[in-house]
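Below is one structure, written out as structure tokens; comments come after it.
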Amino acid sequence: MKHFSLLFIFLVILLATSYSDAFTRNSFPKDFLFGAATSAYQWEGAVAEDGRTPSVWDTFSNSYDTGNGDVTSDGYHKYKEDVKLMATMGLESFRFSISWSRLIPNGRGLINPKGLLFYNNLIKDLKSHGIEPHVTLYHYDLPQSLEDEYGGWINRKIIEDFTAYADVCFREFGEDVKLWTTINEATIFAIGSYDQGTAPPGHCSPNKFVNCSTGNSSTEPYIAGHNILLAHASASKLYKLKYKSKQKGSIGLSIFAFGLSPYTNSKDDEIATQRAKTFLYGWMLKPLVFGDYPDEMKKTVGSRLPVFSEEESEQVKGSSDFIGIIHYTTFYVTNHQPSASLFPSMGEGFFKDMGVYIIPTGNSSFLVWEATPWGLEGILEYIKQSYNNPPVYILENGMPMVRDSTLQDTQRIEYIQAYIDAVLNAMKNGSDTRGYFVWSMVDVYEILSGYTTSFGMYHVNFSDPGRKRTPKLSASWYTGFLNGTIDVASQDTIQLWSNFSVSSSL
């Protein structure tokens, strides 16, 4: 054990001194928010309790063998314990989502009083501990009743129902909520759910990779994406007309943003990378900032890409007070077919239209991501230059590790340090970034990997009916950073080990 301790201390020293610039919490503005995140289906559990009805995520997860969110971290019953952990950590903000089918079980109409009570209690508990709630209205979990009735996000009826749902949330919770995200990672939501079939409700054209029972990959992602933008804009308009002057909050949309870098120095790969940015970033950002889709997308996708009316264009333009960024890693982009590509560019859908090949960096794979903080810095610089430097929140950033592998998650610490440093560098270069959220606060059910990997700073024992929480080393590091007791690039990190019991084990 002594040999292990010395080896670990050496690794921590190496980790703590591997960055050129020291930074602390005080290196960031006082109003910059450091937080952590979860989502309703992934954290709450209690899927059949107190009036909640099934969502499309319940249906989707029960169709596969990667587990489900029936109990998961049991946040519904353990939220007070988790809020205390956040307060001890010094967390400044907690991002969570509201389960539409818990609050309004039929998707529209009567409010579930027990669902309303749960979210009011959670929000007030956060506020009483000085933690700012950042509330996401939609995170992959459409009430199954609306999917069954009219097809959900591929039907324009969703705009009215989503706006009515948002109205309930603004009215009931808005006095205590200053940050709202309408729809989570809109780009990858439309692609994963309506092209690739890898996210609920699992639509895609027939292919050899995923067995979808319905869908059209060449049209549905664009229809869903269009309705996402219109639903967001409608909810945003409602908030600004009815609530903003009194509640004084902000409302935004989030996108999933891979870092994108040319695979070679060739002109072809540079052009391919710009094309990928146009499709993966510009698809949502250009309408939000300028009121219409990128010309290259309109030319390529043609009549399959819906058209904004003049009124819709004006409503979408400027509808986001901020842009939320979901980012985990970076991929190389090439114009020429490589031996291994992450996403198939041939097929019927989005990636065929994009017409480039995406290659993992280093040892990255679909579920294991290499730390590439320069990729996030590049995204923030690109958004600054291309989209009028809007306010940005990094709403998810974290590192997956094999579940139950270790509490000494030094790789995760290194990852978080590097990405916070990248955010600081981008801000020094003028990016209007205003917050950073680690995914995830505690171990949760993951959308792609179920319970095989975990991102949490707190380990959750999913075999224990009580879902015991145990801090990982990353929780201790984040606590030290937020409380000003760790100066990155100094050797203060060594103190973590002396405070983190050698006997701490799973």
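Cβ atoms are placed via backbone N, Cα and C, with glycine included.
Annotation source Swiss-Prot lists signal peptide at 1-22.
Among the features that Swiss-Prot reports, beta-D-glucoside binding site is placed at Gln42, His139, Asn184, Glu185, Tyr328, Glu396, Trp439, Phe455. Sequence-distant neighbours of Glu185 (beta-D-glucoside binding site) (same chain, six or more apart, CB under 8 Å from its CB) are Ser254, Ile255, Phe256, Ile326, Glu396, listed in sequence order. The secondary structure of Glu185 (beta-D-glucoside binding site), as reduced to three states from DSSP, is coil rather than helix or strand.
The active site, proton donor annotation in Swiss-Prot covers Glu185, and the record cites similarity to another entry as its basis.
Per Swiss-Prot, the feature disulfide bond maps to Cys204-Cys212; the stated evidence is similarity to another entry. A coil conformation is recorded for Cys212 (disulfide bond) in the three-state DSSP classification, outside any helix or strand.
The Cβ of Asn211 (N-linked glycosylation site) has 11 neighbouring Cβ atoms from other residues within 10 Å, across all protein chains displayed. The annotation N-linked glycosylation site is assigned in Swiss-Prot to Asn211 (among others).
The Cβ of Asn216 (N-linked glycosylation site) lies under 8 Å from the Cβ of His203, Ser205, Glu348, each on the same chain and at least six residues away in sequence. Annotation comment: Swiss-Prot describes Asn216 (among others) as N-linked glycosylation site.
The N-linked glycosylation site feature in Swiss-Prot is assigned to Asn363 (among others). For Asn363 (N-linked glycosylation site), the count of additional Cβ atoms within 10 Å of its Cβ stands at 8 [all protein chains shown].
Here Swiss-Prot flags Glu396 as active site, nucleophile, drawing on similarity to another entry. Residue density at Glu396 (beta-D-glucoside binding site): 25 other Cβ atoms are found within 10 A of its Cβ, drawing on all protein chains shown.
A C-beta separation below 8 Å, combined with a sequence spacing of at least six in one chain, links Asn429 (N-linked glycosylation site) to Glu381, Lys384. According to Swiss-Prot, the N-linked glycosylation site annotation covers Asn429 (among others).
Taken from Swiss-Prot, the feature N-linked glycosylation site applies to Asn461 (among others). Take the CB of Asn461 (N-linked glycosylation site) and look out to 10 A: across all protein chains shown you find 14 other CB atoms.
DSSP assigns Asn483 (N-linked glycosylation site) to coil, not to a helix or a strand. All chains included, 12 other C-beta atoms sit within 10 angstroms of the C-beta of Asn483 (N-linked glycosylation site). Sequence annotations record features per position, and here Swiss-Prot assigns N-linked glycosylation site to Asn483 (among others) based on sequence analysis.
Sequence annotations record features per position, and here Swiss-Prot assigns N-linked glycosylation site to Asn499 (among others).
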Least Cβ-crowded entry, counting other Cβ within 10 Å, from the binding-site residues listed as Trp439, Phe455: Trp439
Candidate recorded positions Cys204, Asn211, Asn461, Asn483, pick with smallest Cα gap to Gln42 (beta-D-glucoside binding site): Asn461
CB within-chain contacts under 8 A for His139 (beta-D-glucoside binding site), separation at least 6: Ser39, Ala40, Tyr41, Gln42, Ser97, Asn184
Rounded Cα-Cα span from Asn483 (N-linked glycosylation site) to Phe455 (beta-D-glucoside binding site), Å: 22
Inter-residue Cα distance where the pair is Asn483 (N-linked glycosylation site) and Tyr328 (beta-D-glucoside binding site), in Å: 25
Inter-residue C-alpha distance, Cys204 (disulfide bond) and Asn461 (N-linked glycosylation site) (nearest angstrom): 35
Nearest of the recorded positions (Asn211, Cys212, Asn363, Trp439) to Asn483 (N-linked glycosylation site) - Cα to Cα: Trp439
